[in-house]
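Quick notes on the structure that follows.
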């Protein structure tokens, strides 16, 4: 297990209240040994004008999961901030909930690199994202 902080799904979801995570109804669903998963609806809050999941919403989901995963790998008063994120949008989604799955690529003492893949309800890859964070 890579997590240094002990936390429940309920506590993770409570952290999103009153901010963008809560507004977009991003829900943390699973904490694995080295994965963190969350879902987000494809609805009026997250669609672009042509009825498809907005690429920016996918990036919000990816950075939200990756940043929380990064925080869970720190100790004490350490904080995590995003340095760089990229995303390749490979399939659109029109409805339902998308699922983001976050895994570490590198866990260093000063930087982390996370791979976040976002899937539609049929398990098809919609977006592949990589987030680099700094530990402060």
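Glycine is no exception: its Cβ is also placed from the backbone N, Cα and C atoms.
According to Swiss-Prot, the protein carries these features:
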| type | residues | note |
| --- | --- | --- |
| ACT_SITE | 63 | active site, nucleophile or proton acceptor |
| BINDING | 82, 89, 90, 91, 92, 106, 107, 108, 109, 110, 111 | substrate binding site |
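Features per Swiss-Prot, on structure.
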| residue | record | DSSP (3 states) |
| --- | --- | --- |
| 63 | active site, nucleophile or proton acceptor | helix |
| 82 | substrate binding site | strand |
| 90 | substrate binding site | coil |
| 107 | substrate binding site | strand |
Task: Inter-residue C-alpha distance, residue 107 (substrate binding site) and the residue listed as 'active site, nucleophile or proton acceptor' (nearest angstrom) - done: 16
Open item on the list: Within 10 Å of its Cβ, which one of these binding-site residues (92, 109) has the largest number of other Cβ atoms?
Closed with: 92
Task: Protein Cβ atoms within 10 Å of residue 90 (substrate binding site), excluding its own - done: 12
TODO: Please list residues from the chain of residue 111 (substrate binding site) whose Cβ is under 8 angstroms from its Cβ, counting only those at least six apart in sequence.
DONE: 83, 132, 133, 134, 135
TODO: Give me the Cα-Cα distance between residue 92 (substrate binding site) and the residue listed as 'active site, nucleophile or proton acceptor', rounded to a whole Å.
DONE: 19
Task: Greatest C-beta neighbour count within 10 angstroms, which of the recorded positions 63, 107 - done: 63
